[in-house]
Amino acid sequence: MSTSLSLPPASVRRSAYAALFVSLVHIIFGAIVRISGSGMGCGDNWPKCYGYWFPPLERMDLIIEVFHRYLAIALFVSIAVLVASAWTHRAHPSVGGRGGVWNASRVALGLWFAPALFGAVTVFTGNPAWATVVHKLLAASLLAVLTVATIRAGGLGGTSILTAKGTTKAVGGATGAAVLALLVVLLGGLTAKIPGAAVACAGFPLCGEGSLGGGAQHVQLTHRILAYLLVAHLISLPMIFRKRGEPSAMLRAAWIGLGLGVLQIVWAGWMVTGGFPGVVRSLHQATGILIWVTTFAMVYLARIAAGRTVVASQAKGAGTAPVSARAVPSIS
């Protein structure tokens, strides 16, 4: 038996990165659909748009909605390429094993159908707020699975973390950040759908004079409070991780999360004081999604470093530092 862990081929890693990137673009564009009010841009037609696969691009809401649907198709293709690449290299333990890319890619392919089909439910039910939140949750879940696939393929710090050692406390800290990030993202989607919720608070950082009051203000204020708690937590993580000597991959993710958190507050302040311009609202939503991906990646890296995943067990069993797939064609 080899004493080194064979890493997936570079083609698998590139496919995972590509699928993750397209998924990010797709969910961010979905936020633009909500912010611009383009969710019913194709009427109650699905999957076609007013009976066309390629409708006349005559209205902006139609253009935004139909391109969001085209991105969904591009996402399917990118995930299918990842699945095919993982299938081709499934003989590698790090691809076809229990903690390999192959299993994660299949889950991702299955998850693609969930938000795609629920998109039809959203259209046929008139695009209600609850359907938007469920749709966004499914899309966020797909992003998480593709993040796992990318890390297992050796990306996003997945190579160096195999030989690193972390603490179980880091898992808890990272998980807290990820849970808060997901709640903030979902509430952000809700504020974009509930009438008046996006502009319910006229002040910053809290609601000031001239705010709308009522349920819309409660939703907006809850979103803000959770966001402030998230940013405060993100500020603490790099210092805590450095003090404990956590792996560099986790520390890097923590610093990225901190930077994104501060940027998110900047967008929020600009958005409120600048009259809620659509571009800044879109940047605000996009940054929230990036925080979710970063914190989830941090959780998975922390779990590997703490020896709490199948990937970590395989790395421990392999013994020494990981090597390229070409250096060790198989592990008997």
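Each Cβ is built from the backbone N, Cα and C atoms, and glycine gets one as well.
Under the heading transmembrane segment, TrEMBL lists 16-37, 67-87, 107-125, 137-158, 170-190, 253-273, 285-306.
A Cβ distance under 8 Å defines the sequence-distant neighbours of the transmembrane segment (107-125), meaning residues of its chain 6+ beyond its ends; these are 19, 39-40, 42, 44-47, 69, 72, 75-76, 79-80, 82-83, 131-132, 134-135, 138-139, 141-142, 145-146, 149. Distant neighbours of the transmembrane segment (170-190): 31, 34, 129, 132-133, 136-137, 140, 197, 219, 222-223, 226-227, 229-230, 233-234, 237, 240-241, 244, 246, 250, 257, 284-285, 288-289, 291-292, 295-296, 298-299, 301-303, 305-306, 308; these residues of the same chain sit at least 6 beyond its ends, with a Cβ under 8 Å from one of its Cβ atoms.
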